[in-house]
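Here is the structure we will look at, set down as structure tokens.
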Amino acid sequence: MSSFNAVSPTVASRYPLLRPPLYLLSSVYTCLQSLFSLVPSPALIWVALLTSGLAVGLVQFAMSRSLTALTDLKLEVLTALPSEQRAATIGIYLLYTGSLAAVASCLVTFVSPINTGSGLPETKALLNGTDIPTFLRFSTIVTKIVSITLVVAAGFPVGKEGPMVHVGAAVCSGILNDRLFNRRRDDIVSAVDNTASGFHRKSTFCTIGGAAGIAAAFNAPIGGILYVFEELSTFWSPETTFKAFAVCAFAALSSQIMLHSAGGSSLEAHVLFNVVDHTSVRIHDSGSYTVHGWTYLDLPFFAAIAVLCSLVSSFYTYSAVRLNKFRATASFRSKKFNRVVEVVCINLFINVTFLCVPLLLPCVDTPAEADADNEIVLSSWGCAATDGTSYNHLSTLFFGGEESIMKQMLGSTATFITWPISQLLLFLIMYYPLSVLSCGMSMPLGTFIPQVVAGSVVGRIVGELVHSSPHIDVTLISGPGAYSFVGAGAMLAGFTRMTCAIAVILVEASGAIGLSVPVMLSIIVARGVSDMIIEPFDEQMLELKGYEFVYDEPEKGTEQLVAGDIMTHVPTLRESTSAGVIKYALKKCSPEVDALPVMCDEGHVLLGLIDKRGLTELLKDTLELLAVTGAADATEGMVGERTPSRAEMAAEPHHDSSNHGGFKRAVNGARASMRRMSHFQTPVFLNVPKSNDKSYAPNARRSSLMKKINELDELQSAHRFSAHEINLTELVEQCPYTAPTHMPITRVQHLFRRMDLRHLAVVDSEN
């Protein structure tokens with residue numbers, strides 16, 4: 001998030017009409033900055049966290065309201081013309097949805113390719129330590145918010161809740177790093193996480209924001225914390241838990257308040273789903289009593305649902321990964337225009353399917369209870385009468401949206417609408433493959449909601465089958481809605497392999513606390529079965545996109561390796577090294593390595609590590625300084641010279657040589673450059689295949705670094721300063737973590753994972 005002070009002059013120069021409002025906003029921003037300078041440090045921390053939570057809730061509200069408006073307009077198209085003009089209605093509908101899909105794909109393809117997909121693999125890699133430069137930019141998030149809203153409104157069988165993790169992470173990271181709070185940034189960072197390094201700062205802010213995104217999307221603040229803790233975060237501290245708890249509460253509260261007050265509508269009409277606790281009253285001779293949600297007779301059927309959902313989710317994972325691999329290497333997608341055309345064509349195919357299939361099925365009369373429930377939207381598409389007296393089961397599921405499907409399967413309609421098993425099965429056979437077909441295209445999408453929808457439908461089918469059996473007394477078991485709820489949890493567990501987060505999110509979003517135990521049991525079964533079939537979807541996408549990731553344990557088959565077997569050999573430097581040797585080492589070193597070892601001048605003993613980017617900045621600044629100060633005339637005299645060592649500088653504290661002073665200025669500039677850099681670097685022992693698609697660009701910073709290194713050739717050839725020695729002692733990290741050559745790879749892995757290392761020097765017994 002850039003401040004107005006930083007962006008206003010540039011934007012105002014390009015767009016003169018925007019100068020007055022931009023200068024007004026800049027003035028307001030300056031006033032806020034002055035006001036916050038008077039706020040004590042503890043209070044400023046809470047202002048920052050409160051602002052972050054409110055901002056995430058506001059973004060969720062804006063997305064929900066925009067999506068509601070676009071969807072209502074889409075549904076009005078279906079009822080605007082009489083049934084005799086269905087061909088014209090279909091044409092207008094396809095033009096509308098195709099336009100939304102085209103705009104969304106253009107935004108992603110031409111403006112922000114990093115927004116392809118859900119963003120969960122990128123967030124997971126970012127929190128693990130991989131640097132993704134464009135992932136948290138303001139333009140990236142604006143594009144994500146607009147494009148995911150258009151994609152869902154266009155009729156794709158995907159959700160918007162998953163990408164809210166990316167949105168929340170970027171919003172919180174931008175706000176907490178904004179200039180409004182820069183006066184006491186160190187205080188804010190230490191209050192959020194005691195380790196105030198660049199990596200921990202960005203990681204902590206993104207962790208808090210991701211949790212807030214889930215909390216606002218599902219109205220599940222506790223579930224949001226558990227989701228990030230269980231699925232995304234690599235590094236976690238107790239203080240992070242408390243701060244995430246506060247931000248999630250603020251995000252969920254602000255989202256609820258705005259949704260509840262929007263247009264006089266109730267909150268339940270806009271959140272994911274609001275399921276009444278499935279209770280039933282049993283009559284015995286001794287009187288009546290209430291059973292909450294389920295009985296022991298339901299457990300075998302719940303286990304069967306879990307096994308079935310794990311098989312279905314494994315099919316989704318396998319098909320989606322294979323489709324992503326195909327689209328990543330397909331030659332026709334090399335041109336950006338073709339990617340947009342692909343999105344539009346798939347959208348037309350999906351909507352034609354949704355429009356035409358219901359026309360082949362009969363309609364039924366609308367029950368009287370539906371008129372009294374303003375949350376129920378029954379579609380009359382495909383019916384002769386369009387006055388609401390009849391409805392079509394399949395069109396209700398297709399055009400009501402994913403949230404509406406959850407209400408139909410789990411909510412109040414479960415008590416007064418009978419869903420034919422054949423139509424539920426037909427919907428599942430069509431919806432789930434079309435959701436798979438949407439993966440891998442140049443557009444954002446969420447895979448979380450399709451799993452919830454498919455799982456609830458599977459559970460509802462099993463529930464209807466059980467209730468239709470003449471051999472089962474339906475008064476002794478739960479209703480079909482309870483089976484649907486259990487299916488939703490099992491499908492999510494089979495797809496994501498999460499446990500606690502799924503149970504809490506579903507219970508918080510639905511209110512069905514009485515079904516928490518069977519949901520937990522189904523999650524256990526579904527995860528166990530899925531683990532035996534296929535790897536999780538997000539982990540496979542991490543590998544497909546080429547993001548390095550440090551797992552808890554080393555890969556199977558590598559347990560017998562030691563540190564010496566996997567280390568990367570890199571050039572070494574001395575404390576006092578000539579410019580030519582430094583440049584040669586920078587060019588010779590593999591782009592996978594982001595630091596170089598520095599050895600003592602007295603012997604081949606490790607002194608420490610120095611960052612390649614800081615070293616490049618130092619060398620460049622030094623060469624430029626020597627050229628500007630007129631040293632070109634004294635080149636011969638400088639050959640063989642070196643900058644003073646640390647001991648010499650201590651012996652001569654008042655040394656005032658112009659060259660030495662210039663060198664110190666270059667050192668200070670390099671230090672500032674190093675402080676500005678993120679410490680997100682790639683662990684050197686990983687060997688992960690890289691994607692050829694530049695839209696992912698996990699190594700964009702390395703390309704930029706190599707470009708700067710190549711620029712040194714011009715400076716050096718012009719001024720011939722190869723022999724000028726530079727003392728590196730002040731820039732060396734002299735307390736690096738080291739490992740002996742015989743350290744087992746398991747310990748190396750744990751050291752990287754638990755100590756948040758980006759580099760690990762492998763040394764022998766003499767260091």
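Each position is counted from 1, following the chain as shown.
Just so it is clear, glycine is given a Cβ too, placed from its N, Cα and C backbone atoms.
Per TrEMBL, transmembrane segment is recorded for 45-63, 93-114, 134-156, 205-229, 299-319, 340-361, 416-434, 441-462, 474-495, 502-526. According to TrEMBL, the feature domain 'CBS' maps to 563-619.
If you look at the transmembrane segment (134-156), the same-chain residues 6 or more away from its ends with a CB under 8 A from one of its CBs are 1-2, 59, 62-63, 66-67, 70-71, 74, 97-98, 100-101, 103-105, 107-108, 111-112, 114-115, 119, 122-123, 126, 163, 166-167, 169-171, 173-174, 202, 206, 347, 350-351, 354, 401, 438, 443-446, 697, 700.
Against the transmembrane segment (340-361), stretch 93-114 shows more Cβ pairs under 8 Å than any other of 93-114, 205-229, 299-319, 441-462, 474-495.
Of the candidate ranges 299-319, 416-434, 441-462, 474-495, 502-526, 441-462 contributes the most Cβ pairs within a distance under 8 Å of the transmembrane segment (93-114). Simply put, out of 45-63, 205-229, 416-434, 474-495, 474-495 has the most Cβ pairs sitting under 8 Å from the transmembrane segment (299-319). Per-residue confidence over the domain 'CBS' (563-619) averages 78 (mean pLDDT, predicted model). Residues 49, 52-53, 56-57, 59-60, 123, 126-127, 136, 160-161, 164-173, 176-177, 192, 236, 240-241, 243-245, 247-252, 254-256, 267, 271-272, 498, 500-501, 504-506, 508-509 of the same chain sit 6 or more residues outside the transmembrane segment (205-229) yet have a Cβ under 8 Å from a Cβ within it.
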